Amino acid sequence: MNGSQTLVVKLGTSVLTGGSLRLNRAHIVELVRQCAQQHAAGHRIVIVTSGAIAAGREHLGYPELPATIASKQLLAAVGQSRLIQLWEQLFSIYGIHVGQMLLTRADLEDRERFLNARDTMTALLDNRIVPVINENDAVATAEIKVGDNDNLSALAAILAGADKLLLLTDQQGLYTADPRNNPQAELIREVHGIDDALRAIAGDSVSGLGTGGMGTKLQAADVACRAGIDVVIAAGSKPGVVADVIEGKPVGTRFHALETPLENRKRWIFGAPPAGEITVDDGAVEAMMARGSSLLPKGIREVKGDFSRGEVIRIRNLTGRDLAHGVSRYNSDAMRMIAGHHSQEISEILGYEYGPVAVHRDDMIVS
């Protein structure tokens, strides 16, 4: 349809519960109404929803459970079916079908599984079905979790080939300071590039009860904008917020997409949750950042995590700053063995080699 857009709407726990311990159904009804209205106008809508644990706790009558991962997964297992049932019931009022997609990091860090997820998303949207996405909290451990639904929504936006990503929160947008304790705080209306100054402003400011504060929203915005997707952070309570974003009206904080977005494979590299990380010395930083070189084993100081060859890893400098994401040419065990050694020693150390570089420049995205 001419002029139709694909919009990903992310609803965090603070929006879905209104700050309480239970789902705020009246608020969810209103947001579904807004989304259904845009769906009827020909736009494609994707929902990224939190709230499975809150729904499970409510359904079980707020049981007293130990604060363990197993307890959270129990609540998520009970609540996820209740949550998707709620979305299904509300969208059915408007004759709209929904399709559930539960994802973990493993689905997104592997290129083939990423493409399969993208194909599923495309099929749902092509058939006018609203994908409802959540992290698979019932089975996800710390090692396989994306970690928060802000970053999950950025990945969903890439999967959907979205035009815009709307991050709904309990704040009006990103402020120059925390508006709850600083009366001088001003709303930042437009952002044309995310830099260290903006990251410092976001800091550890929180946006309610969920796992994602403004810092994670900024991370999500960075990923989506690099993929050519506009991002808006706005209050879920603002009347007509979904239509405002579709129509391009001023609302919340708008992050403008890069004019020259990353090509598809590099969107995956930058967006995929890193399976591990490596720390590199100053010489490697100079070679990568100033000369555009590949990362050689000689420059690696430390390897963290367990990852396979072909998985995306994070590259940091000695002070811990995030420099780049890249596809590892070697698994983590091999990387530890060849770290600090010259490339010509790889075959002797491992008994095999996949080339002289640890991460090739073509498989790397500088942060």
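For all residues, glycine too, the Cβ spot is worked out from N, Cα and C.
Look at Swiss-Prot and you will find K10, T169, D170, T211, G212, G213, M214, G215, T216, K217 tagged as ATP binding site, backed by sequence analysis. Here Swiss-Prot flags S50, D137, N149 as substrate binding site. Annotation source Swiss-Prot lists domain 'PUA' at 275-353, citing sequence analysis.
Structure with Swiss-Prot features highlighted.
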{"residue": "K10", "record": "ATP binding site", "Cβ neighbours (10 Å)": "30"}
{"residue": "S50", "record": "substrate binding site", "Cβ neighbours (10 Å)": "28"}
{"residue": "N149", "record": "substrate binding site", "Cβ neighbours (10 Å)": "26"}
{"residue": "D170", "record": "ATP binding site", "Cβ neighbours (10 Å)": "19"}
{"residue": "M214", "record": "ATP binding site", "Cβ neighbours (10 Å)": "26"}
{"residue": "T216", "record": "ATP binding site", "Cβ neighbours (10 Å)": "22"}
Tally of DSSP helical, extended and coil residues in the domain 'PUA' (275-353):
28 helix, 21 strand, 30 coil
What's the CA to CA span in angstrom from D170 (ATP binding site) over to S50 (substrate binding site)?
14
Per DSSP (three-state), N149 (substrate binding site) is helix
Rounded Cα distance, in Å, between S50 (substrate binding site) and M214 (ATP binding site) is 16
DSSP secondary structure for D170 (ATP binding site), reduced to helix/strand/coil, please.
coil
Write down the Cα-Cα distance for N149 (substrate binding site) and K10 (ATP binding site), rounded and given in Å.
8
